[in-house]
Every structure is written in structure tokens, then in C-alpha cells.
């Protein structure tokens, strides 16, 4: 039986961090209160397994082998790349576990209240574009599924001009996949953990089944497994670095905004360290499945297909085609929500907290995906896709600034309440931390010639291409050194505090019981006990 407290006057839920002005935050942007932290160790393992098992991870090795390296080296590069990025994900994710605030809010401590918009808008644009493109990839899985049930669907008469880059069957599939996403976009992130758990069971079974098929159908052999590097010398070295950067770039986004998910954690921050050994193992294994299955397809059908949907299309068994495509559709759905829609939603919420919450932000992201006409992007704008993939050179410096500011410069001492106040200790100069801006520009500048060449290959930048080939690492390390140095030489003394102020202290001081503010101080003293002294705690914190 629930214990009743009739003497306590309970108010309606409201933001404990709004400070009387809803322009700066709302309930979704506030730190997650105790009763809303429902992600445990199993939830996070399911989340990462869910995120790893997708078509993009399957194809990681494709670009590396195409660059002239062997399958063994491609697996080594995938493992090394994820080991490095997993360290950054773990540290920036730990900040979210400690303060239970999303990435847009945590970024204010290092960038300044208004300066954080540089990082927020950069991440938001990237998330919306990738949501659109991943929805198009999901549409391709729906096309295969429907074609497996009704083969005539694949030969529907087309009424859309070829210049639009899409036909009737694919447009129908796009609409279906887009609509299927909507119920999940409306779900609260706490409830999404069940989706990730289901995906972490269903999709790996399909991937492992395809691995078994690969070895059974070719007696454990394949043309790729006998391959050797086709390049040597300096070309080999630069190809190795470029491939490593490509792998890191795929998850550079989560190295920045992992706090968007870790904020819901109810377990100790030390569990974030499990990412460091887990991510390289899981992602390398999935890349190996992609190599084995593509190799088996080449030996069996005479065509090397790196696209899993193209490989599945060769199968004669329609039921196998359907269920394999279904697993990839579920994989695309999970990735699009975890890596794109939720990230964009948190960014939109930070930009317009008066009007946008998590649900509205996700729906806004989904609507904007139509405006980007992703089928035309995939059909004709190869240079644009190169631009999106190259965006990692901007995310590496952002991740470095946030990591080193929290763990090195401020020694894990943030004031959570001040993060929600535009005129607080994190205002810096006019709301911008000039040290972060300078470090960011220095970290990005060496990569710009190669970035320009990546977008337009007709522009020759000479040796300027080489820094870009290890751009994420170069940007991360150089930005970290410059930012830390500037903070030590020109310290923003107002931002250094004696001890961290955590969200639970604020909630306790404001009088929250089970997520509902309580307006009776005497009742709170009774709840927390005389030893804690609610009134004295409130005076000390506020």
C-alpha cells in the first residue's frame, strides 16, 4: 500500500529549473529526476547491440577493402577505430550519468550559454539529414519485404518522372516506413528501451543465420578471404589512416551527444566503461559477418554485393527474403530513432523550449525529412553525401572540448542549476566562451582543404588532403591541447566552484517527492529528516 501524506500540499508538475522563465527550459530539458531514471545495465547493452546491428556496420569493411586493404586489415581498422571512439563515448556519456542533463545543456558549461548553439545547431542539422537518408534506407527494406510477398509490387507501373530519382514502388515503401516510425517517435525515451531490447534479440539472430549461410553455402570459403593488400608504401599508410577516420566518423555523433541517452541511467557511472571493450568487439564481429556474407554471395551468384538488400534479392526463398529484410528494417528503425530523431529532438528542445518537447522535436524531425527529398540526395548528390560523411571533422573538436572541460579543466565540478541560467557563471563573455571557439577553429582549420576536396574532387588541394585523412583524430587532439592550454593560461575563474552541484540536490531543495513539487517546507523536513535539514539544504544550495 502506498504511504499517504495528507498534510503535504502537492502542486502540479512544473520545471524545477525554469527560474520563473520558460524560455530556457522545460520538463524534457530538465535533468531527469530519480523516478524517471529507468535505464539499467541491460538496457544500455541492448541499446548498443541494437545500434550496432545495422546495414551501415555490415558495410564498414566494403570501403576499406575498396581502398586496397585486405579483409584482415579492415577488421583490425574497425576494431581500432571503435576502441578509440568508445573511450570518448564513455567519458562524455559519464557526464550525462552524473548530471542527468542532455547534450545541449551540458555543452553550455564549456561553450557558454549562447556559444553552445554552435555545437547544438551543427548536431541538429546533421541529425535531420541522416534521419531522412536512413528513412530512405528503411524504405528499401520495406520494398524487399513487400516484393517477397507480392512479386508484382516490384514491377508496378511508374508515374513519377525519372528526374525525381524514385519510382512508385519505392515511394510507397518510403511512406510506409515513415508512417511505421511515427508511433515510436511519440514514445518517451524510457519506453524505447523495450524496442532496443527486442531489436537486440531479433536482429542478431538474423545476422548470425546469414553468417552460417555464408559458410555452409561456400564450404567456409570465398574470394575475399584469399585477398591481399593491393597497395603498399605511403599509399598503404594514408589509406589505413583514411579508413580509420571513416570508421570513427560513423559514430562521431554519439561521441558528442551520448548524454542524451545516458541521462536516463539509474546505475553507477562506472558502467560507462563497459563501452571501451564492448564496442570494438561487437562492431568488428558484425563487419566480419558483412565480409563473409558478401564473399559467399560473390562465390555463389558471381556478383559481389556489399548492399545486404541486393544480396538478399538473389535468394530464391521468398520467406527468407522477407524475414531477412524485416530484420534490417527493424535495425534501420532502431538506429534512426537512437542516433537521429532523439538527438534532433533534444537539440530542437534546447533551441525552442517554450514550444518544443522531446515528442514534438522527434515529429518535427520526421516532417523535415520530407522537405529534404532524400531519394534525390541518394540518387544524384554524391558530393553531398561525401559532405555529410566528412562532417566528423567538426564533431571531433566539439567532443574534445566537452570531454576535457568536464574531466580536466573543471575537474568534474559543474553547477547543474547554473547550466539552465543564461546569466549564470557559464555566461563567459556575452554568452560565448572564446577559448572554445578559438580551439574549435584551430582543430577544424587543417582539415578544410581535404574537406573541400572530399566534397568536390575536381578541386586539387595537393598535400592538403593528408591532414583530412586522419581528420577526426587530428581535430580531437589539437582542439583538446589548445582548449586546455587556453583555459589554464586564461582561466574563467567565475566558472570554478568548490564542489559540484548535482540535480538531486536541486530537486530535494525545491521539495520534490516522486517527481511532483511539494510546497510545504515542514512536510519536507519530516520527509528528509532533521539530520538532512531541508531548510538549511535549500539555503545552502539556492
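The backbone N, Cα and C atoms fix where each Cβ goes, and this holds for glycine too.
Per TrEMBL, these features apply:
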TRANSMEM  44-69  transmembrane segment
TRANSMEM  75-99  transmembrane segment
TRANSMEM  111-133  transmembrane segment
TRANSMEM  169-187  transmembrane segment
TRANSMEM  194-215  transmembrane segment
TRANSMEM  235-254  transmembrane segment
TRANSMEM  275-302  transmembrane segment
TRANSMEM  322-342  transmembrane segment
TRANSMEM  363-385  transmembrane segment
TRANSMEM  391-411  transmembrane segment
TRANSMEM  432-448  transmembrane segment
TRANSMEM  468-486  transmembrane segment
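Here the transmembrane segment (194-215) does not touch the transmembrane segment (468-486). Their Cβ atoms form fewer than 3 pairs under 8 Å, with each pair 6 or more residues apart. Cβ atoms under 8 Å from those of the transmembrane segment (75-99) belong to residues 31, 60-61, 64, 69, 106, 240, 243-245, 247-248, 251-252, 254-263, 265, 267-269, 272-273, 275-276, 278-281, 283-284, 287-288, 291, 399, 402-403, 406-407, 412, 414, 416, 419, 473, 476, 500, 502-503 of the same chain, restricted to positions at least 6 beyond its ends. In summary, the transmembrane segment (44-69) lies against the transmembrane segment (275-302): three or more C-beta pairs, each 6 or more positions apart in sequence, are under 8 Å.
Remote same-chain residues near the transmembrane segment (235-254) are listed as 51, 56, 60, 63-64, 67-69, 73-74, 77-78, 80-82, 84-85, 89, 123, 126-127, 130, 229, 339, 343, 389-392, 395-396, 399, 466, 469-473 (criterion: CB distance under 8 Å, separation of at least six residues from the stretch ends). Most Cβ pairs within less than 8 Å of the transmembrane segment (391-411), among stretches 111-133, 169-187, 322-342, belong to 111-133.
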